[in-house]
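Notes for the one structure printed next.
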Amino acid sequence: MFPRVSMRRRSAEVSPTEPMEKGNGKNQTNRICLLVALSLFFWALLLYFHFVVLGTSNIDKQLQLQPSYAQSQPSSVSLRVDKFPIEPHAAPSKPPPKEPLVTIDKPILPPAPVANSSSTFKPPRIVESGKKQEFSFIRALKTVDNKSDPCGGKYIYVHNLPSKFNEDMLRDCKKLSLWTNMCKFTTNAGLGPPLENVEGVFSDEGWYATNQFAVDVIFSNRMKQYKCLTNDSSLAAAIFVPFYAGFDIARYLWGYNISRRDAASLELVDWLMKRPEWDIMRGKDHFLVAGRITWDFRRLSEEETDWGNKLLFLPAAKNMSMLVVESSPWNANDFGIPYPTYFHPAKDSEVFEWQDRMRNLERKWLFSFAGAPRPDNPKSIRGQIIDQCRNSNVGKLLECDFGESKCHAPSSIMQMFQSSLFCLQPQGDSYTRRSAFDSMLAGCIPVFFHPGSAYTQYTWHLPKNYTTYSVFIPEDDVRKRNISIEERLLQIPAKQVKIMRENVINLIPRLIYADPRSELETQKDAFDVSVQAVIDKVTRLRKNMIEGRTEYDYFVEENSWKYALLEEGQREAGGHVWDPFFSKPKPGEDGSSDGNGGTTISADAAKNSWKSEQRDKTQ
């Protein structure tokens with residue numbers, strides 16, 4: 001039985017190692033839990049110390065550093081910085097600042113944002129006080145101060161227009177005029193065929209049979225030689241639009257509807273307004289050239305019978321400056337430039353030689369006139385002028401009429417002008433005549449009868465004091481036969497005549513267009529004078545925009561002709577002795593009923609000028 005008892009006892013006993021093994025398993029588990037708890041507690045203390053204690057200390061240091069940075073800067077600018085949405089740290093002793101307005105010397109850049117694909121980062125809005133508004137043309141203005149840059153303040157940016165606005169017209173040159181084959185006049189960069197010096201009237205070089213309406217292509221080709229062209233429009237003092245506006249309208253003035261006449265102008269404006277360069281000043285720094293009178297571009301209505309196109313009445317075009325051979329006295333967006341003459345020198349020496357020759361000529365005629373009467377125009381004084389020339393022993397007349405005439409030969413015209421002390425320049429079909437520039441090129445003192453023929457037209461190229469180079473006889477004095485032109489001119493002392501003639505000869509360089517394939521070195525030609533005038537105009541406008549002022553007080557566009565005559569410092573145009581010459585007729589006084597009598601008359605004059613072109617064509 002013992003063995004059985006022993007066996008039962010054994011089964012009831014526990015091995016001495018068994019409780020130890022069980023106890024060891026529990027102790028091991030407890031140790032692991034304790035180590036994990038200690039580790040978590042340690043890292044919690046470490047993180048708390050780093051982010052709370054050290055973080056608060058760094059913020060305090062940054063706040064203490066900001067005043068010293070501000071004090072180190074020379075100027076003070078107040079700015080408002082919009083706050084970022086950030087989570088504040090749990091630091092009860094340091095609540096987040098409530099005031100977003102900070103006064104510092106220079107803007108403090110915000111911290112770099114964390115990239116977030118779900119939203120677009122927007123930097124803080126900074127509104128500066130005490131500082132003038134920034135304009136996109138500031139960089140161009142600053143080039144003037146760069147004394148090491150010979151082109152500083154003179155850069156021109158040229159739009160790269162589609163060829164339909166210029167070169168394509170030349171390829172289709174037979175359609176440029178209804179009566180004249182313009183193809184030969186577009187040769188030699190727009191100068192036309194060379195003139196032979198058979199009669200010794202011209203010099204041996206630089207003379208061409210130039211069409212009076214060829215300025216479009218001459219000017220554009222001359223621009224290609226301009227020394228200060230730039231491809232960076234932000235540097236440009238002005239922006240040139242090489243649109244052949246005169247050639248364009250010449251194609252469609254007769255026999256085409258207004259839609260066709262307006263098409264190219266509308267397309268041009270649409271093209272320009274889509275360009276980034278337009279946004280700089282909304283076109284106020286843009287300029288273009290048209291070798292025709294302004295009335296070809298100022299159609300007043302949508303009537304098919306009305307004359308010309310409406311380029312200069314388009315809102316966008318009103319911002320641009322258009323250079324024309326005759327401008328409107330009542331509008332502010334066009335400016336007169338000289339008609340082209342026959343002389344286009346390639347070198348300064350050619351200019352000097354011609355001037356010396358004009359000084360030494362013997363002039364046997366007191367006065368002369370080249371032209372035809374205007375029997376259809378009751379206000380024209382040409383008939384009286386022709387009569388006075390015929391009845392004078394010291395007057396010379398070169399009659400121009402239909403058919404063959406010496407008046408159509410450049411050598412005959414220039415020879416007469418070279419033989420005269422004074423050259424009579426009444427109005428043509430419109431205010432101006434090419435003849436005025438041909439005569440001054442010959443050293444002949446011009447006699448004008450209307451201020452719109454020169455004095456209010458070519459203010460960039462002619463002296464403001466017109467008495468230094470010309471004689472003015474009011475039209476009414478001739479029309480009412482109150483004056484003898486011969487007696488009036490004989491009253492001028494010989495010494496004064498000599499001074500006036502010298503002044504005219506000195507003006508020659510700025511009245512002619514140099515050969516577009518070259519450039520004069522020391523002399524400024526009509527192109528140079530025109531470009532500089534445009535740059536000056538744009539520069540004044542930009543400076544006025546920065547200063548928040550206007551150039552004139554109470555500007556009245558209908559009195560545009562007066563402003564160029566103001567003395568420096570004058571800001572308002574009042575009454576003028578020439579007001580009667582530019583007063584618009586009231587409705588009905590000129591046969592019109594639209595209240596635009598003066599413009600209507602000028603449009604009729606434009607039509608007549610085309611008839612004269614048919615008569616005076618040189619083929």
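Any Cβ shown, glycine's included, is placed from N, Cα and C.
Taken from Swiss-Prot as is:
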- 610-619: compositional bias 'Basic and acidic residues' (COMPBIAS)
- Asn116: N-linked glycosylation site (CARBOHYD)
- Asn146: N-linked glycosylation site (CARBOHYD)
- Asn231: N-linked glycosylation site (CARBOHYD)
- Asn257: N-linked glycosylation site (CARBOHYD)
- Asn319: N-linked glycosylation site (CARBOHYD)
- Asn465: N-linked glycosylation site (CARBOHYD)
- Asn482: N-linked glycosylation site (CARBOHYD)
- 1-26: region 'Disordered' (REGION)
- 576-619: region 'Disordered' (REGION)
- 1-33: topological domain 'Cytoplasmic' (TOPO_DOM)
- 34-54: transmembrane segment (TRANSMEM)
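Shown here: features listed in Swiss-Prot, placed on the structure.
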residue: Asn146; record: N-linked glycosylation site; Cβ within 10 Å: 11
residue: Asn231; record: N-linked glycosylation site; Cβ within 10 Å: 10
residue: Asn257; record: N-linked glycosylation site; Cβ within 10 Å: 9
residue: Asn319; record: N-linked glycosylation site; Cβ within 10 Å: 16
residue: Asn465; record: N-linked glycosylation site; Cβ within 10 Å: 10
residue: Asn482; record: N-linked glycosylation site; Cβ within 10 Å: 10
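Each residue contributes its Cα atom, and for Asn257 (N-linked glycosylation site) and Asn319 (N-linked glycosylation site) those atoms are 26 Å apart. Here the CA atom of Asn319 (N-linked glycosylation site) lies 29 Å from the CA atom of Asn146 (N-linked glycosylation site).
Asn482 (N-linked glycosylation site) sits 25 Å from Asn465 (N-linked glycosylation site), taking the CA atoms of both as reference points.
The two recorded residues, Asn231 (N-linked glycosylation site) and Asn319 (N-linked glycosylation site), show a Cα separation of 22 Å.
Look at Asn319 (N-linked glycosylation site): DSSP puts it in a helix.
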